[in-house]
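Peer 1: According to Swiss-Prot, the feature domain 'Rhodanese' maps to 123-217, an assignment based on sequence analysis. The active site, cysteine persulfide intermediate feature in Swiss-Prot is assigned to 177; the stated evidence is sequence analysis.
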(Lines of atoms letter the chains of each structure in order from A; the text may use other names.)
(Lines give C-alpha, C1' and ligand atoms only; values in the text may rest on other atoms or scores of the structure.)
Protein backbone atom coordinates (compact mmCIF):
# COMPACT_ATOMS: atom_id res chain seq x y z
CA UNK A 1 0.00 0.00 0.00
CA UNK A 2 1.25 3.50 -0.86
CA UNK A 3 2.34 5.21 2.35
CA UNK A 4 3.13 8.72 1.07
CA UNK A 5 0.15 11.08 0.90
CA UNK A 6 0.37 13.85 -1.69
CA UNK A 7 -1.81 16.87 -0.93
CA UNK A 8 -2.58 19.59 -3.49
CA UNK A 9 -4.25 22.57 -1.86
CA UNK A 10 -5.23 26.18 -2.48
CA UNK A 11 -7.51 28.92 -1.30
CA UNK A 12 -8.15 32.41 -2.57
CA UNK A 13 -8.55 34.62 0.49
CA UNK A 14 -7.38 38.06 1.53
CA UNK A 15 -4.17 37.63 3.58
CA UNK A 16 -2.89 41.17 4.22
CA UNK A 17 -0.21 39.90 6.61
CA UNK A 18 0.74 36.75 4.68
CA UNK A 19 4.46 37.32 5.29
CA UNK A 20 4.01 36.58 9.00
CA UNK A 21 2.71 33.08 8.18
CA UNK A 22 5.86 31.93 6.44
CA UNK A 23 8.10 31.03 9.40
CA UNK A 24 5.51 29.25 11.58
CA UNK A 25 4.19 27.35 8.55
CA UNK A 26 7.69 26.30 7.47
CA UNK A 27 8.53 25.25 11.03
CA UNK A 28 5.36 23.16 11.26
CA UNK A 29 6.12 21.42 7.95
CA UNK A 30 9.73 20.69 8.90
CA UNK A 31 8.74 19.25 12.27
CA UNK A 32 6.16 17.01 10.58
CA UNK A 33 8.74 16.02 7.92
CA UNK A 34 6.48 17.30 5.15
CA UNK A 35 8.16 18.08 1.84
CA UNK A 36 6.96 20.15 -1.09
CA UNK A 37 6.26 23.82 -1.72
CA UNK A 38 3.54 26.18 -0.52
CA UNK A 39 3.10 29.68 -1.92
CA UNK A 40 1.75 32.56 0.16
CA UNK A 41 0.51 35.86 -1.24
CA UNK A 42 -1.93 38.59 -0.32
CA UNK A 43 -4.51 36.71 -2.41
CA UNK A 44 -4.17 33.35 -0.62
CA UNK A 45 -2.25 30.07 -0.50
CA UNK A 46 -1.38 27.42 -3.09
CA UNK A 47 0.89 24.40 -3.39
CA UNK A 48 1.48 20.67 -3.26
CA UNK A 49 3.13 18.84 -0.38
CA UNK A 50 3.65 15.25 0.72
CA UNK A 51 4.15 13.28 3.91
CA UNK A 52 2.57 10.60 6.04
CA UNK A 53 -1.20 10.61 6.51
CA UNK A 54 -0.71 11.84 10.08
CA UNK A 55 1.57 14.65 8.92
CA UNK A 56 -0.83 15.83 6.21
CA UNK A 57 -3.75 15.67 8.66
CA UNK A 58 -1.71 17.79 11.08
CA UNK A 59 -0.93 20.34 8.36
CA UNK A 60 -4.57 20.66 7.32
CA UNK A 61 -5.58 21.06 10.97
CA UNK A 62 -2.89 23.73 11.45
CA UNK A 63 -4.08 25.65 8.39
CA UNK A 64 -7.69 25.34 9.52
CA UNK A 65 -6.74 27.14 12.73
CA UNK A 66 -5.29 30.13 10.86
CA UNK A 67 -7.58 33.09 10.31
CA UNK A 68 -8.86 32.99 6.72
CA UNK A 69 -7.50 29.54 5.87
CA UNK A 70 -10.41 27.54 7.26
CA UNK A 71 -12.02 24.90 5.01
CA UNK A 72 -9.19 24.95 2.49
CA UNK A 73 -9.69 23.16 -0.84
CA UNK A 74 -7.45 20.08 -1.14
CA UNK A 75 -7.05 16.87 -3.13
CA UNK A 76 -5.21 13.76 -1.96
CA UNK A 77 -3.33 11.17 -3.99
CA UNK A 78 -0.77 8.55 -3.03
CA UNK A 79 2.70 7.38 -3.94
CA UNK A 80 5.18 4.74 -2.85
CA UNK A 81 8.03 7.26 -2.66
CA UNK A 82 8.39 10.86 -1.52
CA UNK A 83 7.84 12.93 -4.71
CA UNK A 84 9.63 16.06 -3.41
CA UNK A 85 13.16 16.81 -2.28
CA UNK A 86 12.70 20.04 -0.35
CA UNK A 87 10.47 21.80 2.16
CA UNK A 88 9.72 25.35 1.04
CA UNK A 89 7.30 28.17 1.82
CA UNK A 90 7.63 31.03 -0.66
CA UNK A 91 6.26 34.57 -0.55
CA UNK A 92 4.80 35.65 -3.90
CA UNK A 93 2.86 38.45 -5.57
CA UNK A 94 0.32 35.91 -6.86
CA UNK A 95 -0.36 32.32 -5.86
CA UNK A 96 -0.87 31.51 -9.54
CA UNK A 97 0.74 33.92 -11.97
CA UNK A 98 -1.43 35.34 -14.73
CA UNK A 99 0.19 38.77 -14.69
CA UNK A 100 -3.05 40.74 -15.13
CA UNK A 101 -3.77 43.39 -12.51
CA UNK A 102 -7.15 43.48 -10.84
CA UNK A 103 -8.26 39.89 -11.46
CA UNK A 104 -9.83 38.79 -8.19
CA UNK A 105 -11.65 35.42 -7.98
CA UNK A 106 -13.07 36.56 -4.64
CA UNK A 107 -15.12 39.20 -6.46
CA UNK A 108 -16.09 37.46 -9.69
CA UNK A 109 -15.57 33.91 -10.92
CA UNK A 110 -17.11 31.39 -13.29
CA UNK A 111 -19.74 28.81 -12.40
CA UNK A 112 -18.36 25.77 -10.58
CA UNK A 113 -19.32 22.42 -12.11
CA UNK A 114 -19.13 19.23 -10.06
CA UNK A 115 -17.16 16.32 -11.58
CA UNK A 116 -20.39 14.30 -11.80
CA UNK A 117 -21.97 17.01 -13.97
CA UNK A 118 -18.92 17.77 -16.11
CA UNK A 119 -19.54 15.19 -18.86
CA UNK A 120 -23.00 16.55 -19.60
CA UNK A 121 -21.69 20.10 -19.83
CA UNK A 122 -18.77 19.43 -22.17
CA UNK A 123 -20.93 17.18 -24.36
CA UNK A 124 -23.13 20.19 -25.16
CA UNK A 125 -22.26 21.21 -28.77
CA UNK A 126 -22.69 24.88 -27.86
CA UNK A 127 -19.95 24.71 -25.23
CA UNK A 128 -16.37 25.69 -26.12
CA UNK A 129 -14.03 23.56 -24.00
CA UNK A 130 -10.62 25.12 -23.26
CA UNK A 131 -7.67 23.52 -21.46
CA UNK A 132 -6.01 26.32 -19.47
CA UNK A 133 -2.79 24.38 -18.83
CA UNK A 134 0.54 24.66 -20.61
CA UNK A 135 1.22 22.83 -23.86
CA UNK A 136 3.60 20.27 -22.32
CA UNK A 137 0.84 19.32 -19.85
CA UNK A 138 -1.83 19.03 -22.53
CA UNK A 139 0.38 16.83 -24.72
CA UNK A 140 0.17 13.86 -22.35
CA UNK A 141 -3.54 14.06 -21.58
CA UNK A 142 -6.68 16.19 -21.82
CA UNK A 143 -10.46 15.97 -22.13
CA UNK A 144 -12.01 14.76 -25.37
CA UNK A 145 -12.46 17.63 -27.86
CA UNK A 146 -10.71 20.17 -25.62
CA UNK A 147 -8.92 23.11 -27.27
CA UNK A 148 -5.20 23.40 -26.56
CA UNK A 149 -4.19 27.11 -26.42
CA UNK A 150 -0.53 26.02 -26.91
CA UNK A 151 0.81 28.27 -24.16
CA UNK A 152 4.20 27.86 -22.50
CA UNK A 153 3.16 29.67 -19.31
CA UNK A 154 -0.11 30.78 -17.73
CA UNK A 155 0.93 34.39 -18.41
CA UNK A 156 0.23 33.75 -22.10
CA UNK A 157 -3.38 32.73 -21.50
CA UNK A 158 -4.88 36.27 -21.57
CA UNK A 159 -3.31 36.83 -25.02
CA UNK A 160 -4.82 33.56 -26.23
CA UNK A 161 -8.26 34.72 -25.07
CA UNK A 162 -7.90 38.11 -26.77
CA UNK A 163 -6.85 36.52 -30.06
CA UNK A 164 -9.16 33.50 -30.17
CA UNK A 165 -12.27 33.98 -28.05
CA UNK A 166 -15.08 36.48 -28.56
CA UNK A 167 -17.90 37.02 -26.04
CA UNK A 168 -20.25 37.81 -28.93
CA UNK A 169 -19.55 34.47 -30.64
CA UNK A 170 -18.62 32.12 -27.83
CA UNK A 171 -21.63 32.18 -25.55
CA UNK A 172 -20.67 29.20 -23.39
CA UNK A 173 -17.06 28.55 -22.36
CA UNK A 174 -15.94 25.72 -20.07
CA UNK A 175 -12.39 25.51 -18.74
CA UNK A 176 -10.35 23.13 -16.63
CA UNK A 177 -6.90 22.72 -15.10
CA UNK A 178 -5.04 20.30 -12.82
CA UNK A 179 -6.46 21.22 -9.43
CA UNK A 180 -8.81 24.11 -10.10
CA UNK A 181 -6.72 27.13 -9.17
CA UNK A 182 -5.81 28.32 -12.67
CA UNK A 183 -9.48 28.12 -13.62
CA UNK A 184 -10.38 30.41 -10.74
CA UNK A 185 -8.23 33.09 -12.37
CA UNK A 186 -9.04 32.26 -16.00
CA UNK A 187 -12.80 32.31 -15.46
CA UNK A 188 -12.52 35.53 -13.47
CA UNK A 189 -10.57 37.01 -16.38
CA UNK A 190 -13.18 35.92 -18.95
CA UNK A 191 -15.98 37.36 -16.83
CA UNK A 192 -14.07 40.66 -16.71
CA UNK A 193 -13.79 40.53 -20.51
CA UNK A 194 -17.55 40.32 -20.92
CA UNK A 195 -18.12 36.57 -21.33
CA UNK A 196 -21.41 35.71 -19.65
CA UNK A 197 -21.62 31.90 -19.37
CA UNK A 198 -18.26 30.73 -18.08
CA UNK A 199 -17.86 27.37 -16.35
CA UNK A 200 -14.99 25.51 -14.72
CA UNK A 201 -14.41 22.05 -13.32
CA UNK A 202 -14.59 22.19 -9.53
CA UNK A 203 -11.53 20.54 -8.01
CA UNK A 204 -9.88 20.26 -11.41
CA UNK A 205 -8.78 17.17 -13.28
CA UNK A 206 -7.53 15.45 -10.13
CA UNK A 207 -10.96 15.62 -8.50
CA UNK A 208 -12.60 14.39 -11.71
CA UNK A 209 -10.27 11.37 -11.89
CA UNK A 210 -10.98 10.65 -8.24
CA UNK A 211 -14.77 10.76 -8.50
CA UNK A 212 -15.68 9.69 -12.06
CA UNK A 213 -15.43 6.01 -12.99
CA UNK A 214 -12.98 5.27 -15.77
CA UNK A 215 -15.63 3.60 -17.94
CA UNK A 216 -17.68 6.82 -17.80
CA UNK A 217 -14.74 9.18 -18.14
CA UNK A 218 -14.15 11.60 -21.02
CA UNK A 219 -10.55 12.09 -19.94
CA UNK A 220 -7.93 10.83 -22.39
CA UNK A 221 -4.33 10.08 -21.39
CA UNK A 222 -2.56 10.96 -18.15
CA UNK A 223 -2.54 14.07 -15.99
CA UNK A 224 0.71 16.01 -15.58
CA UNK A 225 1.58 16.86 -11.97
CA UNK A 226 4.27 19.17 -10.65
CA UNK A 227 6.28 16.68 -8.64
CA UNK A 228 8.58 13.73 -9.21
CA UNK A 229 5.72 11.47 -10.28
CA UNK A 230 5.51 13.58 -13.48
CA UNK A 231 2.03 12.25 -14.31
CA UNK A 232 -0.77 10.21 -12.78
CA UNK A 233 -3.18 7.81 -14.44
CA UNK A 234 -6.94 7.57 -13.98
CA UNK A 235 -6.44 5.77 -10.66
CA UNK A 236 -4.21 8.67 -9.49
CA UNK A 237 -1.22 6.33 -9.48
CA UNK A 238 2.15 7.27 -10.96
CA UNK A 239 1.91 7.12 -14.75
CA UNK A 240 4.24 5.99 -17.51
CA UNK A 241 6.14 9.25 -18.03
CA UNK A 242 9.57 10.28 -16.81
CA UNK A 243 10.91 13.84 -16.90
CA UNK A 244 13.93 15.43 -18.51
CA UNK A 245 15.91 17.07 -15.72
CA UNK A 246 17.24 19.65 -18.17
CA UNK A 247 14.01 21.10 -19.61
CA UNK A 248 11.45 19.46 -17.25
CA UNK A 249 9.43 18.12 -20.18
CA UNK A 250 7.63 14.78 -19.73
CA UNK A 251 9.29 12.03 -21.77
CA UNK A 252 8.33 8.49 -22.72
CA UNK A 253 10.46 5.35 -22.54
CA UNK A 254 10.69 5.48 -26.35
CA UNK A 255 12.06 9.03 -26.21
CA UNK A 256 14.68 7.91 -23.70
CA UNK A 257 16.02 5.55 -26.39
CA UNK A 258 16.74 8.54 -28.66
CA UNK A 259 20.38 9.59 -29.23
CA UNK A 260 19.25 13.05 -28.08
CA UNK A 261 18.51 11.74 -24.60
CA UNK A 262 21.32 11.99 -22.09
CA UNK A 263 20.12 11.55 -18.53
CA UNK A 264 20.05 14.87 -16.72
CA UNK A 265 21.52 16.69 -19.72
CA UNK A 266 19.17 16.67 -22.72
CA UNK A 267 16.21 15.02 -24.45
CA UNK A 268 14.54 15.21 -27.89
CA UNK A 269 12.54 18.23 -26.70
CA UNK A 270 15.53 20.37 -25.69
CA UNK A 271 18.61 19.02 -27.49
CA UNK A 272 18.57 21.93 -29.96
CA UNK A 273 17.56 24.55 -27.41
CA UNK A 274 20.21 24.34 -24.69
CA UNK A 275 23.51 26.21 -24.94
CA UNK A 276 26.98 24.70 -24.50
CA UNK A 277 27.22 26.48 -21.16
CA UNK A 278 23.94 24.95 -20.01
CA UNK A 279 25.03 21.54 -21.22
CA UNK A 280 28.25 21.76 -19.18
CA UNK A 281 26.28 22.82 -16.13
CA UNK A 282 23.80 19.95 -16.55
CA UNK A 283 26.65 17.44 -16.97
CA UNK A 284 28.24 18.65 -13.74
CA UNK A 285 24.92 18.55 -11.91
CA UNK A 286 24.32 14.96 -13.05
CA UNK A 287 27.83 14.05 -11.89
CA UNK A 288 27.04 15.49 -8.46
CA UNK A 289 23.72 13.60 -8.36
CA UNK A 290 25.43 10.30 -9.17
CA UNK A 291 28.16 11.00 -6.62
CA UNK A 292 25.53 11.66 -3.96
CA UNK A 293 23.73 8.42 -4.89
CA UNK A 294 26.97 6.45 -4.56
CA UNK A 295 27.25 7.83 -1.01
CA UNK A 296 23.60 6.96 -0.37
CA UNK A 297 22.77 10.66 0.00
CA UNK A 298 20.04 12.73 -1.64
CA UNK A 299 21.58 15.50 -3.76
CA UNK A 300 18.86 17.90 -4.78
CA UNK A 301 17.31 19.69 -1.88
CA UNK A 302 19.09 17.73 0.80
CA UNK A 303 19.40 19.53 4.07
CA UNK A 304 23.12 20.31 4.33
CA UNK A 305 23.21 19.64 8.06
CA UNK A 306 21.57 16.24 7.53
CA UNK A 307 24.16 15.32 4.91
CA UNK A 308 27.04 16.43 7.13
CA UNK A 309 25.60 14.50 10.07
CA UNK A 310 25.14 11.38 7.91
CA UNK A 311 28.79 11.57 6.82
CA UNK A 312 29.93 12.10 10.41
CA UNK A 313 27.98 9.06 11.59
CA UNK A 314 29.38 6.96 8.75
CA UNK A 315 32.95 7.97 9.60
CA UNK A 316 32.33 7.32 13.29
CA UNK A 317 30.98 3.84 12.50
CA UNK A 318 34.05 3.06 10.37
CA UNK A 319 36.33 4.35 13.13
CA UNK A 320 34.63 2.12 15.69
CA UNK A 321 34.89 -0.90 13.37
CA UNK A 322 38.58 -0.23 12.88
CA UNK A 323 39.13 0.15 16.63
CA UNK A 324 37.34 -3.14 17.32
CA UNK A 325 39.46 -4.96 14.71
CA UNK A 326 42.68 -3.59 16.21
CA UNK A 327 41.52 -4.58 19.68
CA UNK A 328 40.78 -8.11 18.51
CA UNK A 329 44.29 -8.44 17.08
CA UNK A 330 45.91 -7.49 20.39
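Note that Cβ sites are derived from N, Cα and C of the backbone, with glycine treated the same way.
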Peer 1: Going along the chain, which residues six or more apart from the residue listed as 'active site, cysteine persulfide intermediate' have their CB under 8 A from its CB?
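Peer 2: Non-local contacts for the residue listed as 'active site, cysteine persulfide intermediate': 131, 132, 133, 183, 186, 200, 201, 204, 205.
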Peer 1: Restricting attention to the domain 'Rhodanese' (123-217), give the mean pLDDT.
Peer 2: 96
Peer 1: So how many of the residues in the domain 'Rhodanese' (123-217) end up helix, strand or coil by DSSP?
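Peer 2: Counting residues per DSSP class in the domain 'Rhodanese' (123-217), I get 38 helix, 19 strand, 38 coil.
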